[in-house]
Amino acid sequence: SKLQWSTAISMMVFAWLFAAFWSVMPLLGWGEYDYEPLRTCCTLDYSKGDRNYITFLFALSIFNFMIPGFIMLTAYQSIHQKFKKSGHYKFNTGLPLKTLVICWGPYCLLSFYAAVENVMFISPKYRMIPAVIAKTVPTVDAFVYALGNENYRGGIWQFLTGQKIEKAEVDNKTK
């Protein structure tokens, strides 16, 4: 079934309000922002590791990493089952969840480690690597979608080269 405009707008408003809620909480005192180790932009202040940080971190990770990860897992498993029944594998359904874990995993590990130990002994350059990897997620997701979707990939190829990809026809004749 097609997605209705009212549903799409409701989902978009929910996503913006959800993001705004979690972004504003450190400004209101639950969690805290500080400069990243190389002082280029702000991130969560994981240098303190106090109760305030730990409660915010656990709530943030459950609602912004684990629950979305579970939703992605179940949704893409459902898509995979549908592809399996139809015989059309147009997209690697495991790839989006893997990119989420690979890109956000190091940042999550560093944040959770900061909840139990002092991370200030790690060089600022090394503490910056997980944040930089996490910030690449939108670009990585775009490439995953563009290169993983058969139809979209064909359109990119045609745009770049001017050549249309011909689908190989299957010979159904029996010998």
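Glycine too: its Cβ is placed from the backbone N, Cα and C atoms.
Listed features, source TrEMBL:
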- 1-145: domain 'G-protein coupled receptors family 1 profile' (DOMAIN)
- 12-33: transmembrane segment (TRANSMEM)
- 53-76: transmembrane segment (TRANSMEM)
- 97-116: transmembrane segment (TRANSMEM)
- 128-148: transmembrane segment (TRANSMEM)
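Beyond its flanks by at least six residues, the transmembrane segment (12-33) meets 42-45, 48, 52-53, 55-57, 60, 63-64 of its own chain at Cβ-Cβ distances under 8 Å. Cβ atoms under 8 Å from those of the transmembrane segment (128-148) belong to residues 36-38, 40, 43, 91-92, 95-96, 99-100, 103-104, 106-107, 109-110, 156 of the same chain, restricted to positions at least 6 beyond its ends.
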